[in-house]
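Peer 1: Structure incoming, see below.
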Amino acid sequence: MRLHFTKMHGLGNDFVVIDAISQRLDMTPELSRRLADRRFGIGCDQVLLVEAARLPGTEFHYRIFNADGSEVEQCGNGARCFARFVRDQGLTRSDDIAVGTAAGPIRLKAQPDGQISVDMGVPQLDPAAIPFQARRRAAAYDLWQGCSALRIGAVSMGNPHAVLHVEDIAQAPVAELGPRIECDPRFPRRVNVGFMQIIDAAHIRLRVWERGVGETLACGTGACAAVVIGRLWGELDEAVEVTLPGGALQIQWAGEGASVTMTGPAARVFEGDIEL
Ligand SMILES: N[C@H](CCC[C@H](N)C(=O)O)C(=O)O
């Protein structure tokens, strides 16, 4: 079976994007691992499927698979690439595209400068919605005890995120703490882990250990999660520039009950066919 794909990225967080409307595709964890494999497949952080709409009021359905084969609820950088893909492929002429995801509908807006703005929905802070095991909701939680005690924020952007504060992003223990927190039993569906250095109230630097992938060059939902937690900690304004290793995203969040808006680029790298 031959499968046509487009390789894309959002600030270096890279994707294999597949039109699963014009191509018949039964995606499995094994197939998504194969496509994501950087030696035996095409190579990417996530595989994104463009499917026919399932919800009234949406134009498409958007599915996301991590490199480890796990299907997940949301991907922010991928959403921007999704918008560019469906417009470039002529699958829509809209510049304001409603898309269904496992986490519910999101809105993708093509900006005149070529960037894409995404309404990422309202962040969920109740532990049960993240999900995260805690007796009650709090702006910060103690993870682990004793000398390895950590203070984290926890939030869902449709997918689960833990956020911790670091003094120097370059020295952040991403490889050491990322996998340990990702698989901590208090996160029953595992978790993405953001390491945030606050530069000032309108600018942070961020590195993210992504659930199911490892450290990526950028994480869109991670940038949203970090701004939400930073605001809850009273340290960030409504509009924040988030600088990740792969580049910068603009995040806006007016506060509890409001949607988070993310704006940034989406790039096409190449198209190809793979024999399966
Ligand atoms: N690793 C994430 C999915 C991709 C998120 C990221 N690539 C983004 O841009 O939001 C998870 O397991 O929830």
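Each Cβ is built from the backbone N, Cα and C atoms, and glycine gets one as well.
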Peer 1: Given that TrEMBL lists Asn13, Asn66, Gly76, Asn77, Asn159, Asn192, Glu210, Arg211, Gly220, Thr221 as binding substrate, which residue among Gln46, Gln133, Gln250, Gln252 does it place in the same site?
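Peer 2: Given Asn13, Asn66, Gly76, Asn77, Asn159, Asn192, Glu210, Arg211, Gly220, Thr221 bind substrate in TrEMBL, the matching entry from Gln46, Gln133, Gln250, Gln252 is Gln46.
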Peer 1: Asn66, Cys75, Asn192, Phe270: which of these recorded positions put a Cβ within less than 6 Å of any ligand 1 atom?
Peer 2: Asn66, Cys75, Asn192
Peer 1: Highest CB neighbour count within 10 A among the binding-site residues Asn77, Asn192, Thr221?
Peer 2: Asn77
Peer 1: Show, in sequence order, which residues other than Asn13, Gln46, Asn66, Gly76, Asn77, Asn159, Asn192, Glu210, Arg211, Gly220, Thr221 on the same chain lie with their Cβ within 8 Å of the centre of the Cβ atoms of the substrate site.
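Peer 2: Along the chain, the qualifying residues are Asp45, Ile64, Val72, Gln74, Cys75, Gly78, Val208, Val213, Thr216, Cys219, Gly222.
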Peer 1: Any same-chain residues 6+ apart from Arg211 (substrate binding site) with CB under 8 Å of its CB? Would you list them in sequence order, or say none?
Peer 2: Asn66, Ser70, Val72, Asn159, Pro160, Glu182, Arg190, Val191, Asn192
